[in-house]
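According to TrEMBL, the feature active site maps to Lys16, Asp150. The domain 'GHMP kinase N-terminal' feature in TrEMBL is assigned to 80-158. The feature ATP binding site is assigned by TrEMBL to Pro108, Val109, Ala110, Gly111, Gly112, Met113, Ala114, Gly115, Gly116, Ser117, Ala118. Residues or ranges marked as domain 'GHMP kinase C-terminal' in TrEMBL: 218-291. Among the features that TrEMBL reports, region 'Disordered' is placed at 306-333.
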Amino acid sequence: MFSAVGPPVTVRVPAKINLHLAVGDLRPDGYHDLVTVFQALSLTDEVTVTAAVPGAIEPGVSVGAADGVDVSEVPADTTNLAWRAVEALGRRVDRAPDVRVGLRKAIPVAGGMAGGSADAAGALLATAGLWRLDLGRDALMEVAAEVGSDVAFALHGGTALGTGRGERLVPVLSRHTFHWVVAVADHGLSTPTVFGELDRLRARPEAPRRVGDVEPVLEALASGEARSLALLLGNDLQAAAVSLDPGLRRTLRAGVDAGALAGVVSGSGPTCVFLCDGHDAAVRVAAELAGAGVCRTVRVAHGPVPGARVVDGHGGSTGPPPRPVDPGPGAYA
Ligand SMILES: C[C@](O)(CO)[C@H](O)COP(=O)(O)OP(=O)(O)OC[C@H]1O[C@@H](n2ccc(N)nc2=O)[C@H](O)[C@@H]1O
Ligand SMILES: Nc1ncnc2c1ncn2[C@@H]1O[C@H](COP(=O)(O)OP(=O)(O)OP(=O)(O)O)[C@@H](O)[C@H]1O
């Protein structure tokens, strides 16, 4: 059933990194409780949702690349997270997913930066706009959490404390802009495999040390001092990602040797992110890291930036949440 709706809606949506990621024990439902601090970075995908037209625009997903990202592993079918988000929204409002979703990807694929989750968040917001839904922000966040643990944060953006599976969010005060170098690997890591590897490592007598409390991280963010934050970056999944891909040790060392304040594996990896002492320092670190042969490509980015937002078309009444953050210079790169 196709219904008359407005012109296409395009949403820009950021990648995330985890400044702090404490992973609890395996739960009976197969997930792990997390305490994490997310930050949204100026590395963004664009999601355009267009009303399907019989014989002209078929429902489904098209995937395109931006910024040199290899999208060959992104499914252009109903398993795409963006499509699953449209279906979940359709179920919520009792509507067929009669739309075409176009993705322009710049977020590394299977890199631990929640690229698929970002596309799902973008598709939710764009479809809500296209369908002119009168859906509250909380309802949209609920649908997001149903689609994946990281999807709610991609809608939220900024800097936030995540608990539960990572889907329960509280905004974190972060007055300043932090400058990052993103080292993209030449392959991906599967998120469930990395969680499983951590469980395996933890079952051994020499289990990896767990990250500390989150409070000092929140204080460093409030102070805005990159040097303080650098000392506190921590990720329980890093030991598992390095165990699966020992080459990441070299990448992490190379970033610090190149002048970064600190480096950490992003989420489930294998992307590594390096905190730098300002934009110029980040550009220098990126140049050196690019020449070190320890990753496929590098990007300079800053955070926090806003979550998913409409850049073209109707935003509907389901806007993204209020953001008590500084969106940073130029908001997006
Ligand atoms: C690693 C992080 O990126 C950190 O923010 C996220 O926890 C991953 O979030 P995500 O990719 O949206 O993950 P989901 O699609 O919800 O889950 C994929 C799989 O990862 C594992 N998983 C995910 C989240 C979580 N809190 N515990 C888990 O054990 C589970 O095996 C799950 O089946
Ligand atoms: N829209 C999408 N973009 C990228 N990958 C997708 C998408 N939809 C489904 N996938 C599948 O999901 C897998 C993981 O992709 P994604 O880029 O989201 O990983 P990730 O960044 O490591 O995720 P996270 O950080 O949330 O754990 C890909 O290998 C791909 O097969």
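Quick reminder: no glycine exception, Cβ is built from N, Cα and C everywhere.
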Of the binding-site residues listed as Ala110, Gly112, Ala114, Gly116, the one whose CA lies nearest the CA of Asp150 (active site): Ala114
Mapped DSSP class for Asp150 (active site), helix or strand or coil: coil
Pairwise CA distance, Ala110 (ATP binding site) versus Lys16 (active site), rounded so that it is a whole Å: 12
Helix, strand and coil counts within the domain 'GHMP kinase N-terminal' (80-158) (DSSP): 46 helix, 8 strand, 25 coil
Pro108 (ATP binding site) CB neighbourhood, other CB atoms within 10 A: 26
Proximal but sequence-remote residues of the same chain as Ala114 (ATP binding site) (Cβ under 8 Å, at least 6 apart): Ala15, Lys16, Ile107, Asp150, Phe153, Ala154, Gly267
Listed in sequence order, residues with CB under 8 A of Ala118 (ATP binding site) and six or more positions away: Val13, Pro14, Ala15, Lys16, Thr44, Asp45, Ile107, Ala154, Ala308
Local backbone state of Lys16 (active site), from DSSP in three classes: strand
Integer mean pLDDT for the domain 'GHMP kinase N-terminal' (80-158): 96
Entries of Lys16, Ala110, Gly116, Ala118, Asp150 (recorded positions) sitting next to ligand 1, with Cβ under 6 Å as the cut-off: Asp150
